[in-house]
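Pulled from TrEMBL:
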ACT_SITE  294  active site, nucleophile
BINDING   30-35, 55, 60, 108-112, 149-150, 183, 294-297, 364  NAD(+) binding site
DOMAIN    350-474  domain 'UDP-glucose/GDP-mannose dehydrogenase C-terminal'
């Protein structure tokens with residue numbers, strides 16, 4: 001392939017490990033959204049490999065060992081039940097499993113710094129560094145250490161130095177193997193990845209380590225889909241991929257504002273644009289904004305790296321992707337408030353969907369947090385329904401400071417102050433009863449099939465629906481009697497008369 005020199009290709013050809021080699025043990029530090037599903041699939045596809053997932057959080061490991069897994073991901077539970085206790089183990093005995101492993105994946109939190117140099121942009125590598133020091137401290141045999149968390153470019157170099165200076169004669173090879181999972185489809189993404197990316201040092205030892213990890217994935221991934229690069233290219237490719245995807249969402253969301261002002265329909269515009277084979281249709285759905293654990297964090301990281309490398313113009317370019325995302329959330333809140341006679345004070349607003357996307361219970365950086373906080377700032381009474389998110393998580397999210405979510409649970413506020421203006425229910429009809437307005441903030445399929453006549457009959461009038469995901473049948477809702485706002489769609493006459501100011 002074009003990214004490999006001839007020397008590398010020859011090396012791989014002459015140093016291929018036999019497919020049936022007994023690869024003894026893999027250990028993954030971090031039992032979260034990346035570590036858990038990735039290791040479960042490796043265990044399923046490689047029955048000859050023993051896989052241990054370790055974490056210092058006792059409740060999290062207990063959950064992985066129970067019938068109620070700590071994360072919701074379609075297909076995950078079946079795989080865990082099939083492999084757990086055979087060649088897949090979840091444990092809090094971190095040091096034992098690290099000591100015994102041949103390959104150690106590190107999938108710990110890399111939050112955005114909140115204080116000090118690079119606050120608000122740079123990644124906080126505290127947990128990565130402590131993991132590296134622990135690996136060096138407990139190891140009694142050579143190991144391959146794999147970066148699985150999203151990390152800033154050149155992290156591998158820092159980790160390499162920590163391991164090298166604390167190695168006691170043991171050899172470590174650092175690889176970058178970023179994940180490209182989409183929540184809600186993580187298992188399908190792991191089964192059939194677009195690509196597996198492995199970056200390593202361009203030395204004989206580095207090439208051998210890359211090949212060793214390549215052989216793990218080659219148990220189920222076609223070898224031409226396993227890309228090998230140098231360390232820095234692998235690290236930067238992850239940030240670049242997320243930045244490009246987020247950029248597409250911000251681009252279509254910027255167009256959605258213009259569509260509303262001109263009477264264009266953003267769905268029609270994005271369809272027309274997406275049929276261009278050079279552009280494609282994915283990630284062109286207008287919405288209230290993007291969320292999730294990676295997009296904002298990775299772009300802020302990219303911005304910081306650009307600034308540190310004397311590239312302010314490039315930093316500003318990527319900053320704009322975040323600015324448009326924040327603008328879209330503010331614009332939505334302002335539209336809600338202005339439509340309802342410029343106040344939502346003491347009015348009940350039902351929120352349908354709190355997770356950042358459907359088919360996941362993940363609420364990290366979900367637009368729902370900023371929308372709810374914006375409405376609470378105008379003294380709204382909020383009632384929330386999401387099929388996968390607990391009341392405890394919602395209250396935690398609404399009372400946490402920015403970036404707190406990316407620290408381990410035991411370092412987050414233990415008992416968040418309950419936001420009194422917020423109630424959480426497990427029933428959509430209960431959430432919308434007596435409400436002045438309904439805001440759809442997650443594209444759960446069940447929201448398309450709710451009985452909106454029943455919802456309308458039990459709401460205050462005029463009854464408003466603000467569709468932040470463009471999933472509802474606007475014409476049917478208007479026939480029922482709703483005043484409907486759908487992002488990027490031609491506005492109701494009512495809404496045109498009450499302009500939203502940002």
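Note: Cβ is positioned from N, Cα and C throughout, glycine not excepted.
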Original post:
If you measure residue 183 (NAD(+) binding site) to the residue listed as 'active site, nucleophile' at Cα, how many Å is it?
Top reply: 11
Original post:
Per residue, counting other C-beta atoms within 10 angstroms of the C-beta, which of the binding-site residues 109, 296 reaches the highest number?
Top reply: 296
Original post:
Where does the mean pLDDT land for the domain 'UDP-glucose/GDP-mannose dehydrogenase C-terminal' (350-474)?
Top reply: 89
Original post:
Roughly how many angstrom lie between the C-alpha atoms of residue 109 (NAD(+) binding site) and residue 294 (active site, nucleophile)?
Top reply: 11
**OP:** Compare the Cα of the residue listed as 'active site, nucleophile' against each of the binding-site residues 30, 33, 55 and report the nearest.
**Re:** 33
Subject >> In the chain carrying residue 33 (NAD(+) binding site), residues 6 or more apart in sequence that have Cβ under 8 angstroms from it >> reply: 71, 73, 181, 183, 186, 293, 362
**OP:** Tell me the Cβ neighbour count for residue 30 (NAD(+) binding site), meaning other Cβ atoms within 10 Å of its Cβ, over all protein chains shown.
**Re:** 26
Original post:
Which numbers of helix, strand and coil residues does DSSP report for the domain 'UDP-glucose/GDP-mannose dehydrogenase C-terminal' (350-474)?
Top reply: 43 helix, 20 strand, 62 coil
Original post:
When you measure from the Cβ of residue 55 (NAD(+) binding site), which residues in the chain that are at least 6 apart have a Cβ under 8 Å away?
Top reply: 29, 30, 31, 32, 35, 61, 90, 92, 94
**OP:** Sort out for me which one of 183, 294 has the most neighbouring CB atoms within 10 A, since those are the recorded positions we care about.
**Re:** 294
